[in-house]
Amino acid sequence: MLLPFLLALHAVVAALLPPLARVLGTRVFVVACLPPALTALWVLAHAPDVVAGQPVTSAVTWVPALDINLEFRVDALTLAMVLLVSGVGAVIFGYCARYFHTGERGLGRLSAVLVLFAGAMLGVVSTDNLFALYVFWELTSITSFLLIGHDDRKEHARRAALQSLVTTAGFGLPMLVGFILLGQIGGSFRISTLVADPPVGDPLLPVALVLVLAGAFAKSAQVPLHYWLPGAMIAPTPVSAYLHAAAMVKGGVYLVARLAPGFAEVDPWRALVLTFGMATMVVGGWRALRQDDLKLLLAYGTVSQLGFLTLLAGTGTQVAATATIGVLLAHGFFKSALFLTVGVIDHQTGTRSIAALSGIGRRMPVVAGAATLAAASMAGLPPLLGFVGKEAALEAYLPGGDPATALPSGAAAVVLVGVVLASVLTVGYSARFVWGAFSTKDTVAERRVPRPAAAFVAAPVSLAVLSLAAGVLPFAVDPVAQGYAAAFDTSGEPYHLALWHGLTPALGLSALVLVAGALLFHRRVTVARVQQALSRWPDADRGYHGVVHAIYVVALRVTRLLQSGSLPVYLGVILATLLALPGARLVMALASGDVAPPGAGGNELRFWNTPLEGVVALLIVVTAVATVREHRRFPALILVSAMGFGVAGLFVLYGAPDLALTLVLVETLTTIILVFVLRRLPATFGTRPDGWAKRLTVLLCAAAGTFIAVSLWLMTAARTDPPVSLGYTSLAREAGGDNLVNMILADFRALDTFGEVVVLATAAVAVTSLVLLRRSRVVEETDPGPDETEEERAGARTGEGERT
Amino acid sequence: MNLMIAVPFVVPLLGAALALLLRRSPRAQRVSSAVTLAVVVAGATLLLDTTAGGAVAVTQAGGWDAPLGITLVVDPLSALLLLVSSVVLLLVLLYAVGQDISGLSRAMPQVFHPIYLVLTAGVCLSFMAGDLFNLFVGFEIMLTASYALITQALTRERVRASMIYTVVSLTSSILFLTGIALVYALTGTVNLADVAEKLGGAPPELRAVLALLFLVVFGIKAAIVPMHFWLPDSYPVAITRISAIFAALLTKVAVYAIIRTQTLLFAGDDISSVMLWIAIATMVVGILGALVQDDINRIMSFVLVSHIGFMIFGLALNTVAGIAGVLYYLVHHIVVQATMFLVNGLVRQYVGHTSLRSIRGLTAVSPVLALFFFLPALSLAGMPPMSGFVAKVALFEAGAQAGGWLVWTALVAGVLTSLLTLMAIFRVWVRAFWGTPLPDMLEARAELRRGPDVAGRRVMAVTTGAMVGAGIAVTVGAGPLLEIAFTAAEDLLDGDAYIEAVMEGAT
């Protein structure tokens with residue numbers, strides 16, 4: 001099928017847009033329209049099959065070893081989402097061509113990222129593989145990050161972008177772990193397989209679901225993770241309309257709806273979805289009531305509606321599922337229409353503040369009409385799609401409304417109260433929006449504003465008309481809803497989306513909601529006073545910043561503690577680790593008796609083979625201790641070489657005169673070279689450890705030495721096989737030599753010798769280049785910044801970075 | 001006898017000798033070094049083909065059979081790492097050539113090329129050594145070259161950094177040598193395959209001591225916590241090309257050595273809980289360090305430390321899936337780390353440093369540079385669809401399969417680390433790439449555009465682009481790469497194929 005190509009088309013067009021933008025200016029958005037428009041047409045062409053229950057599928061393999069494959073499956077739920085993502089997307093892109101001014105900064109980048117986002121979102125809603133879903137999901141996070149930070153010169157935009165990324169991607173990570181768990185206990189990473197045959201009963205399933213829901217809730221801005229969404233309103237208005245109304249924030253709802261057929265019955269799915277959904281619905285609605293910025297009003301309204309949708313999508317009954325599709329589409333249409341209206345108002349008047357707008361309705365009647373229509377749909381007025389959806393939603397929680405309801409009646413009643421309460425708030429802020437944007441207020445001076453061009457207004461008007469048309473003709477939308485809801489238990493008569501169900505309790509509740517909402521709007525001054533009094537609620541945004549700040553404080557402390565910059569400390573830590581890992585293991589083994597000290601049989605502890613060894617050993621020990629105690633450089637060097645000669649003496653005693661000779665040569669040469677170096681250095685060592693540092697050093701070194709010595713003793717005693725070196729004797733004749741050491745160096749292990757020669761040659765070349773490098777040729781690759789002082793650099797070294 | 005195996009070690013050394021002879025004519029030297037590394041890339045490609053399906057290619061150096069002679073072994077793991085490393089070495093060399101042409105670094109004496117090629121030989125030998133002492137020699141060649149490289153273009157800061165680097169490395173070498181002595185004491189041999197067989201009869205507790213000792217030895221070089229501090233104090237201070245190659249390769253060679261020794265020699269020894277704790281500490285401590293740094297190179301160095309923890313985590317699982325994940329992670333990280341440091345080198349063109357305090361608005365200064373930063377940054381942060389994401393999924397999947405409370409703790413630490421990595425890296429993006437460019441950055445850009453050395457800078461940009469492309473190739477080719485990784489991991493955990501191939505015809 002075409003879908004992978006359509007996705008690729010998004011990417012290709014995105015790559016072409018930045019160069020095109022230089023030529024086309026704002027008309028570049030018309031090109032940007034192409035991929036989503038084609039996608040919408042394609043999905044509409046397949047709609048009859050899809051709603052009939054025949055999903056369109058295709059797959060592209062990527063990493064089969066990990067089950068990361070780009071599998072696609074377009075069913076009824078996907079169809080609804082694609083209509084929003086690509087259909088509404090295309091309309092909004094067209095609107096962009098009028099909204100932005102030619103010469104606006106970064107148009108090419110903006111359009112490219114928008115198209116990439118559209119592609120990513122299309123991927124989210126059409127893929128059938130958990131990993132692919134995650135891939136597209138985080139792609140929407142990243143593109144959204146870039147879009148929110150579009151005007152990156154504003155500090156506020158940068159902060160909001162980072163906040164939304166950290167929140168959505170940060171909670172995406174637990175979701176990824178949840179996906180992995182889900183796939184492993186379910187035996188497949190294909191979503192359709194998992195939903196059809198959920199691994200119910202597995203003790204890890206609830207864990208997996210909680211993790212997945214965490215990601216979905218963050219994406220769909222559920223309380224208390226909703227704080228990023230209002231912040232994201234810093235983005236250009238069409239971007240907000242698209243990302244934060246139609247598409248991205250629906251990602252979480254989509255995921256809940258996608259998994260609900262398989263997992264709604266598993267604890268604690270319903271408890272979580274209903275609790276968080278309800279809290280979000282009410283908090284969002286309440287806060288929307290008091291916003292002055294029209295865009296923020298809509299943002300909080302969106303938070304509220306997202307709670308509503310999460311609740312519906314997660315309930316997992318046939319009626320709720322039908323309502324989900326209805327409300328999903330309704331919200332996509334009316335909310336983007338309203339955002340675009342705000343865009344028009346902002347564009348023409350330069351403000352979005354309710355307190356500064358007056359008389360706009362008279363200046364822009366068409367816009368006002370469209371916005372009123374959309375707001376009516378939001379409030380749930382008949383005959384708009386919003387009403388149809390809300391009727392279905394009320395029906396889902398009414399006692400006896402849904403014969404197959406799986407909710408305990410108590411819970412259903414609580415949810416019903418919550419839905420009604422939130423709907424009342426919704427009516428209140430819908431009315432406040434229309435009044436605030438378009439009414440003529442006595443207290444505000446009217447300004448003359450230019451009338452918007454017809455093409456500019458076309459987008460919000462068409463979306464508002466869509467709200468009306470779909471409401472009047474619900475049977476156009478109903479098949480999609482039925483196609484999705486069929487996945488749930490339909491033992492009774494399936495519920496259909498319709499304008500008129502007769503005189504039902506739901507209709508009564510709708511009427512009640514409208515009346516109460518109207519009252520709320522009428523009493524807006526009192527409401528404002530109550531809100532003022534209650535405004536000291538804990539703020540989730542402050543919580544976010546508190547957590548981030550705490551992370552930085554911990555990071556600073558830990559790094560300052562560990563990154564001391566002192567070489568002796570570093571070496572001490574290495575020795576301590578040596579003692580703590582293999583050292584402690586050896587002690588434990590000895591203490592538990594797993595490794596016995598070698599006993600009789602030639603392996604018992606002897607002090608020496610000949611007393612001469614004792615003498616040489618004593619010499620080595622004495623010179624070693626004296627070296628460490630010596631604080632003048634030259635005597636220390638002499639002591640070190642004396643120690644080297646002692647070691648050479650040991651070689652002689654063990655019958656290796658060649659080695660001893662070599663070592664004597666090396667020691668002599670080294671000493672001579674170092675004497676030359678010492679001439680240029682101060683006579684004494686600059687710093688020496690003292691007090692407890694000295695004691696600790698001595699202790700560490702002694703312990704490390706003891707560990708090595710004891711290990712050597714034990715391991716020699718435990719030797720498993722005769723050493724391979726015995727084999728050299730017979731081979732030496734074959735090789736044509738009789739000095740074994742020479743044969744090993746020059747023939748048997750010549751590669752090692754060659755390697756060491758390379759080491760020496762490299763060292764020689766390096767030293768020569770350093771010595772011969774004339775001072776004049778030392779030009780730094782880069783100059784340190786002129787304003788950077790030594791202290792600052794030292795500060796950076798110890799990790800004193802500034803906190804953000 | 002397979003002479004192909006000698007190519008990655010011998011050819012760079014020949015090239016080094018040639019480069020030393022050609023030091024008076026820079027142009028000829030550049031060509032010969034690039035050709036040398038291209039030959040190594042070709043050789044590594046052929047070797048990867050030879051080992052397809054899990055075959056093990058062996059050469060007994062000097063014609064003396066194991067365990068008396070020295071064996072060079074190339075299994076799928078070695079071949080994969082040889083290929084990736086040689087590609088990165090080649091690209092970084094080209095970048096350095098561009099830098100030299102552009103005249104941005106007059107300080108580099110002509111010995112850079114020979115020493116760089118010696119480093120290549122050391123890295124390759126380490127990947128192929130089938131002998132513990134020969135592995136030590138490979139490390140020594142690599143490290144000596146690295147001492148020489150890190151002391152290039154000395155400033156006071158670099159003297160201090162190279163002092164720390166050299167002394168810590170030497171300490172690790174001494175412990176390595178001690179470990180070899182202990183192994184010889186216990187088994188009487190240093191051939192890896194032979195040691196593996198003979199350790200089977202040794203007391204398990206002593207084997208565990210050796211396993212931990214080698215973990216410490218290579219752990220120092222791999223910069224695992226608590227032995228990581230030297231890395232952020234030394235790598236970022238070196239000049240671009242050198243910190244790029246150090247960050248990309250040197251720690252990874254040590255990780256390779258950990259993988260090889262822990263799977264082949266100490267397979268039966270359960271030190272995985274120790275390794276898991278180390279993994280947790282490394283991931284978390286490293287990334288906490290990255291969060292509070294001010295210099296982009298230092299941030300990347302701390303991220304490097306942190307992500308070594310991910311590799312130790314996968315290795316500690318001791319399962320095919322875990323080790324395959326580590327192998328893919330290695331490949332991903334080699335490419336991405338190198339890219340990051342090269343990009344930082346490009347940033348230096350505009351501001352002369354990499355301190356976040358005075359870089360703003362790079363996106364406006366150079367959109368291409370922004371793209372070059374953004375893609376590997378996503379990858380490093382483990383964000384889809386880049387290779388870092390695939391690598392993370394591979395490790396997380398392996399972890400979830402293995403289970404156990406400690407593994408889950410490590411997994412949670414991994415999730416936390418991923419989030420903090422995202423914060424650390426996007427902090428760089430937000431602060432350096434967004435905002436209004438500083439006036440002197442725009443001036444620097446105008447000057448660079450007018451400058452006579454455009455050709456060299458173009459070479460730098462193109463090689464950086466090629467490196468970004470390599471990262472994308474690792475992403476797109478994740479399927480086949482993971483297949484190789486799984487084959488290699490099966491080989492590693494089985495061990496028999498390796499031992500048989502080496503000991504064939506042994507006396």
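Using N, Cα and C of the backbone, Cβ positions are placed for all residues, glycine too.
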The annotated transmembrane segment range in TrEMBL, which must be one of A:366-389, A:534-557, A:726-749
A:366-389
Correct range for transmembrane segment (source TrEMBL, candidates A:8-27, A:248-267, A:608-627):
A:608-627
What range among A:49-67, A:296-314 does TrEMBL describe as transmembrane segment?
A:296-314
When counting C-beta pairs under 8 angstroms to the transmembrane segment (A:634-654), the leading stretch of A:497-521, A:660-678, A:753-773 is A:660-678
Chain residues outside the transmembrane segment (A:497-521) and at least six past its termini with a C-beta under 8 angstroms from it
289, 322, 325-326, 379-383, 387-392, 394-395, 398, 401, 420, 423-428, 430-432, 435, 471-472, 474-475, 477-478, 481, 527
The domain 'MrpA C-terminal/MbhD' (A:618-682), counted residue by residue under DSSP: helix, strand, coil
55 helix, 1 strand, 9 coil
Can you work out which residues elsewhere in the same chain, 6+ from the ends of the transmembrane segment (A:753-773), have a Cβ less than 8 Å from its Cβ atoms?
745-746
